[in-house]
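Annotated in TrEMBL:
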- 35-55: transmembrane segment (TRANSMEM)
- 102-285: domain 'ABC transmembrane type-1' (DOMAIN)
- 106-126: transmembrane segment (TRANSMEM)
- 147-164: transmembrane segment (TRANSMEM)
- 170-187: transmembrane segment (TRANSMEM)
- 235-255: transmembrane segment (TRANSMEM)
- 267-288: transmembrane segment (TRANSMEM)
- 323-344: transmembrane segment (TRANSMEM)
- 385-412: transmembrane segment (TRANSMEM)
- 388-572: domain 'ABC transmembrane type-1' (DOMAIN)
- 424-446: transmembrane segment (TRANSMEM)
- 452-473: transmembrane segment (TRANSMEM)
- 527-545: transmembrane segment (TRANSMEM)
- 557-575: transmembrane segment (TRANSMEM)
């Protein structure tokens, strides 16, 4: 019996030993090679989660043959459309109407984007802790922008629809949507920007306005232009779906009456009109990036015998050609803005709508808690928490579908992989998938399913995600350093080998980061597909948004939406940090400092008990802890003398007892070190009287100062504990 026990112990510890870190010597330095627990666990959890959520959504391809058969109607040219009792709508009529409604969509997008940019600039500056040092300013501003960003844009459009004219409501909804996104992008950029020149200019006597103009404005302007044009492309698609609210946009030609098989030929006309405009925007963005944002001016090459006066004359003659392009773009934007203002009614809504709004606004701040607390079988159909998790399942599965297929299309859309001509086809396909609104895809995919309309919504968001992620993947591939491709070509690698080694390895961190962000967007887009019944959570929001009497119920759904999206955003930030930078938390966060302090305490305790070297360095502490754990495991296992141990049971028991005593001694030493550290911190911080250094209202400055003192005390303590064994 004892032999069986020892044998099982041997196999168990062999398994443990396999997962133990290994030590490798690289140029005389010890490097720890750890088992990739995070990657393995992430893959296992992701696969299990995907299978469970997929089963929950009930994939249904019952009518796939009928769906494929109906697709040929998209190419049935020359057929009149039948809208209600009117069957005389020609393709030309649809084309003209598409252009008219596209112009209205552009009008809302132009005005909304420009006002959104203007709002985002001060909000970004107030949110940047690199620019505004007071947490009393940047923390509330960030919180407000996060809450606004979490509210589905369609809800904002519904609310403004009861206050102002439909066109102005669309412009306001677009402006808030753009402002919330651009403020986040800009303050994240400002947080990483070196502002030492800004404060340096102030130190030599310049005021803040001049310092800002010379040090920060040039950088900020480039980011505003880049994000602004990207936002415009995004809001054109968003403005198209405002037809759900009752605002005239091109989206109304992509809804119920046109998204039926016998009108597919006219729906294709509308799609190609929108796609053509998207292509124009893509070309415009390409020109902006190539000739303005990424433009490098060419330097004049002078002849060796050229005099100083001649050089000066040639330099004065040289004029940057980009000035003409910048002037043309500036005039074009100004003309578009002025023209757009002429097509919008700047007026309040009628008296009936305003009365509805005045009486119903208080309901937005008094949620119907009975919806949230009702978990009975009948109440689940209108429970926002239950339905929100169903919408989250749709978001995750659709984003995963988008990720898998966008990797293929996005890589093939890069001319570095496919060549110039083939890449154009894949780019066009990505633009088409990105241009078509998600609710149109739902109406088309209704033909696929028989008993699972939610699955049609999942497929719709998945296909739409392919277009969005595909564009970002193509941009990531195009940004890869040419030297990587040159080195892969020089060793004769095939196209697949180049993709596997050179491309996937480079783009996956950023792609996974975009995938996490896509889950957030798809959750908010559940409102869009809810308009056609493909997501119960979004459907309830649409119903309650359009009826002011039910705005208290809408408030319950908004509250759940905001909470879930804020949680998703924080989790995404942590995971994105791990994917992009290799760690979950930044080095200066309190969690990281606490973990490092505990690691030093553990390492110091081991060093004292076993007479090891100790240095207050994270890498050294990792080596000490890992070596100790491995040593204890090998002693416990005693691989070389295992057969003898089976014969000498007393020796095995002695090893167990010795290991137990050592660990007990380390535990006592750790507690002793903690007490010493606590005493040291108290005596160290007593030197400074914080009450005389700060005023009563400077709470955040006191907290920041105490944190710095605490960190300094911990560092001083461990520096005095260095052991040379």
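Cβ coordinates come from backbone N, Cα and C, glycine included.
For the transmembrane segment (452-473), the residues of the chain that approach it from at least six positions outside its boundaries are 57-60, 390, 394-395, 397-403, 405-407, 409-411, 413, 430-439, 441-442, 444-446, 507, 510-511, 514-515, 518, 521-522, 525-526, 529-530, 533-536, judged by C-beta separation under 8 angstroms. With a cut-off of 8 Å between Cβ atoms, the residues of this chain six or more beyond the transmembrane segment (557-575) that come close are 146-147, 149-152, 155, 364, 367, 371-372, 384-385, 388, 392, 516-517, 519-520, 523-524, 537, 540-541, 544, 584-585. For the transmembrane segment (385-412), the list of distant contacts is 49-50, 53-54, 56-57, 372, 375, 418, 422-423, 426, 429-430, 454, 457-474, 476-477, 499, 503-504, 511, 515, 518-520, 522-523, 525-526, 529, 535-538, 540, 560-561, 564, 568: same-chain residues at least six beyond its ends, Cβ to Cβ under 8 Å.
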